[in-house]
Amino acid sequence: MAVNVRDYIAENYGLFINGEFVKGSSDETIEVTNPATGETLSHITRAKDKDVDHAVKVAQDAFESWSLTSKSERAQMLRDIGDKLMAQKDKIAMIETLNNGKPIRETTAIDIPFAARHFHYFASVIETEEGTVNDIDKDTMSIVRHEPIGVVGAVVAWNFPMLLAAWKIAPAIAAGNTIVIQPSSSTPLSLLEVAKIFQEVLPKGVVNILTGKGSESGNAIFNHDGVDKLSFTGSTDVGYQVAEAAAKHLVPATLELGGKSANIILDDANLDLAVEGIQLGILFNQGEVCSAGSRLLVHEKIYDQLVPRLQEAFSNIKVGDPQDEATQMGSQTGKDQLDKIQSYIDAAKESDAQILAGGHRLTENGLDKGFFFEPTLIAVPDNHHKLAQEEIFGPVLTVIKVKDDQEAIDIANDSEYGLAGGVFSQNITRALNIAKAVRTGRIWINTYNQVPEGAPFGGYKKSGIGRETYKGALSNYQQVKNIYIDTSNALKGLY
């Protein structure tokens with residue numbers, strides 16, 4: 001199914017600053033393409049340092065009034081944003097599919113509705129937030145207030161462009177902050193279209209959207225003296241740079257980074273549930289998910305039962321046109337990512353790994369214009385293998401046989417990452433014991449890759465700092481102020 005791109009996407013986009021689309025300080029633009037077809041979708045402005053200065057100054061000015069709005073006012077505006085997102089769900093979902101390559105069934109069911117729900121959720125969180133008063137003694141009391149930090153500088157990755165933006169924007173503005181946010185230069189279009197909703201609902205300057213290269217304007221955002229809080233979703237390598245910028249400027253940072261998560265299948269697992277959960281863990285969004293269950297640890301008693309079922313399941317996945325409602329896996333987001341995946345397949349072939357399913361780029365039936373890859377299952381001898389240690393970020397699953405629960409825990413923890421993981425078992429006590437022992441920020445039991453609001457998401461170790469997607473995330477964007485009152489009017493004397 002082909003659509004008229006201009007029904008969804010403008011030919012050119014400026015920078016969204018102070019509630020308007022404006023020209024950048026440079027005439028340079030970046031071409032944005034559809035990874036499934038190679039078609040040019042739009043051209044975006046390539047922001048420069050001067051544009052970052054402009055956006056931050058606007059955000060600082062807007063903060064003066066926005067931070068004084070009531071919680072109920074902010075909550076209503078967040079609800080309005082969520083409502084308008086849902087009213088335009090089909091359009092924005094199609095933009096996300098065209099720009100990212102993911103199936104329309106996912107963008108319609110997950111990306112856009114969950115983004116809308118985050119605005120609704122944080123509207124309720126801020127509306128019900130309460131401070132505290134503590135009577136220290138009969139004459140003194142301590143009041144605790146939660147106040148906005150100021151200007152938030154955020155950059156989000158290309159794998160969930162709109163959803164990740166909502167994870168940042170909703171709590172930031174709910175808390176009374178303003179924000180300067182930059183999407184990936186390859187997948188900015190959904191957020192730029194949603195800027196029109198911000199234009200309708202929010203005061204000018206509360207949300208500002210820059211487009212450009214992460215190494216240029218993204219880096220300038222994180223190193224700007226006028227930015228009071230950093231928030232980043234992306235690779236661990238870039239996360240180090242953001243952490244360094246935060247340390248240099250002595251500002252807080254929320255970092256959601258890479259992962260190499262273990263999905264553990266115990267010998268008492270419901271295999272139907274496990275097969276579905278394994279596919280959700282590694283094939284959702286073409287495997288371009290930081291929390292992907294990319295290491296499969298299977299109990300030796302069921303290994304020979306489970307692997308053939310997975311081989312069959314992987315071979316039956318429909319990979320193809322992302323606009324087709326029947327498509328289960330679309331295109332990888334770009335050539336660089338496809339080449340990275342292929343390099344790991346090549347490494348597997350040159351090692352003692354065994355490719356059990358997939359392992360090839362798909363080029364038939366018109367897929368040669370895009371970056372399509374087969375669901376791939378690879379058996380590796382142990383967890384020290386390159387494919388078991390490094391984040392591939394694609395539909396490539398390594399499978400390792402384990403003899404018992406403790407070995408599964410040990411292997412799961414033998415990683416520099418600690419973002420997520422899964423356990424499949426009919427014995428909830430057994431599953432909980434493993435979940436508690438695995439050092440990750442999120443563990444799913446008998447499911448995988450469910451990402452609703454109301455459940456904290458974030459990682460241990462090199463997977464990041466901080467948690468998002470739950471009410472505690474509001475504190476990422478707040479300062480705590482204590483007001484200490486003495487009502488005695490009595491002289492205390494020097495200590």
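Every residue number used here counts from 1 along the chain in the order it is shown.
Just so it is clear, glycine is given a Cβ too, placed from its N, Cα and C backbone atoms.
Features as listed in Swiss-Prot:
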ACT_SITE  Glu256  active site
ACT_SITE  Cys290  active site
BINDING   Gly212, Lys213, Gly214, Ser215, Glu216, Ser217, Gly218  NAD(+) binding site
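Feature annotations (Swiss-Prot) mapped to structure.
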residue: Gly212; record: NAD(+) binding site; DSSP class: coil
residue: Ser217; record: NAD(+) binding site; DSSP class: helix
residue: Glu256; record: active site; DSSP class: strand
residue: Cys290; record: active site; DSSP class: coil
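Of all the Cβ atoms in the protein chains shown, 16 others lie within 10 Å of the Cβ of Lys213 (NAD(+) binding site).
Taking the mean position of the Cβ atoms of Gly212, Lys213, Gly214, Ser215, Glu216, Ser217, Gly218 as the NAD(+) site, the remaining residues of that chain whose Cβ falls within 8 Å of it are Ala47, Gln182, Ser185, Asn219, Ala220. Taking CA atoms as the reference points, Gly212 (NAD(+) binding site) and Glu256 (active site) are 21 Å apart.
Counting every protein chain shown, the number of other Cβ atoms lying within 10 Å of the Cβ of Gly218 (NAD(+) binding site) is 27.
Between Ser217 (NAD(+) binding site) and Glu256 (active site), the C-alpha separation comes to 20 Å. Using a 10 angstroms CA-CA radius around Cys290 (active site), none of the binding-site residues in Lys213, Gly214, Ser215, Glu216, Gly218 qualify. With the fewest other C-beta atoms within 10 Å around its C-beta, Glu216 stands out among the recorded positions Glu216, Glu256. Highest local Cβ density among the binding-site residues Gly212, Gly214 belongs to Gly212, counted as other Cβ atoms within 10 Å over all protein chains shown.
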